[in-house]
């Protein structure tokens, strides 16, 4: 993101954007992953620890960002000795990561839509249509991407909360028993799965550059993680209480199955899951739009592409389609997503180290100037 960008993000916008990119596929699959890791106590601890780690990252990086306001992590790196080549390498790594994330989100979206909505429509067609839509969104720039989240995130959050409230009468506390702590391996596995479901937070490396220095506060972003914590914990425990831990473990998309338990009087909606998938697509569209935007932006700035830069989003769409359908099955697609997630965690750690290094150098330079 160039520091010449005139549009400035305000705290509520970065909070909405964080919710929009994080609550994507994780909201559909996390209950299954945590059921495999252990019982309800393990799930509670895992979501709590994963959320606290994410909050810690946000607090630390927001403070570091104040050392180089108006610049992305990559831009700040270019101003250091030997930082130019490091910025290019890290930039290409982030571009590859967001491209692979976009491909993974595309594949899972096509699978979900084909299972629950458009049974006879080829998955490739579904993927192509949604990617063409995100390509158009990218052309609207940072402001367009942010405003998409402002429109869709409140609808998604409201629906998820309403869904939990409606299915509460089916809640059976006995299904959560026994309330055992589980061993350290179970908790570690659960924290790992939760952390993967909280990925998306790495956008702060790029989006905080578009905020005024006085707006660089961790509070609003922490609030967004708290909202995600409530959603993840509520949906996971309700899934366990209605289906049991054992049943949740074998459901591909437990949250969608949870919606099937809703019965609306009068038969207004015979298939509530279709409504849920439609609203969920708003959330996944936000995630994909941000990933598509950042892939385009990072490649354009890292490689200094000016010629044909307007068609770059289209080339990224083509590459995404090819990568998205490389996995031959749902299980391979989930494995692909896990590998991408590990890459994201690695980049967060590297990015945090680089930001700390930059902040220390800036402090030393300011001290020397005095």
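Backbone N, Cα and C define each Cβ position, glycine as well.
Model, not experiment: these values are computed from the prediction.
The feature transmembrane segment is assigned by TrEMBL to 12-30 (among others).
Annotation source TrEMBL lists transmembrane segment at 42-64 (among others).
Annotated transmembrane segment per TrEMBL: 85-104 (among others), in sequence order.
Here the transmembrane segment (116-138) has Cβ contacts under 8 Å with residues 102, 106-107, 109-110, 144-145, 148, 256, 273-274, 277-278, 281, 285, 288-289, 292-293, 296, 313-314, 316-317, 320-321, 324-325 of the same chain, all six or more residues outside its ends. Annotated transmembrane segment per TrEMBL: 116-138 (among others), in sequence order.
Summarising the annotation, TrEMBL assigns transmembrane segment to 145-167 (among others).
Beyond the ends of the transmembrane segment (187-210), by six or more residues, the same chain brings 1, 3, 5, 7-9, 14, 17-18, 21-22, 24-27, 29-30, 33-34, 36-38, 42-43, 45-47, 49-51, 53-54, 57-58, 61-62, 65, 69-75, 94, 101, 142, 216, 221, 225, 228, 232, 287, 290, 294, 297-298, 337-338, 341-342, 344-345, 347-348, 351, 355 to within a C-beta distance below 8 angstroms of the stretch. Annotation source TrEMBL lists transmembrane segment at 187-210 (among others).
Per TrEMBL, transmembrane segment is recorded for 222-243 (among others). With a cut-off of 8 Å between Cβ atoms, the residues of this chain six or more beyond the transmembrane segment (222-243) that come close are 15-16, 18-19, 22-23, 26-27, 30-31, 34-35, 39-40, 43-44, 47-48, 51, 54-55, 58-59, 157, 160-161, 164, 167-168, 170-173, 175-176, 194, 197-198, 201, 251, 254-255, 257-258, 261.
Residues or ranges marked as transmembrane segment by TrEMBL: 277-299 (among others).
The transmembrane segment annotation in TrEMBL covers 311-327 (among others).
With a threshold of 8 Å between CB atoms, the same-chain residues lying at least 6 positions outside the transmembrane segment (333-360) that come near it are 25, 29, 57, 60-61, 64-65, 67-68, 73, 76-77, 80, 86, 90, 93-94, 97, 100-101, 104, 107-108, 111, 195-196, 199, 201-202, 205, 326-327. TrEMBL lists 333-360 (among others) with the feature transmembrane segment.
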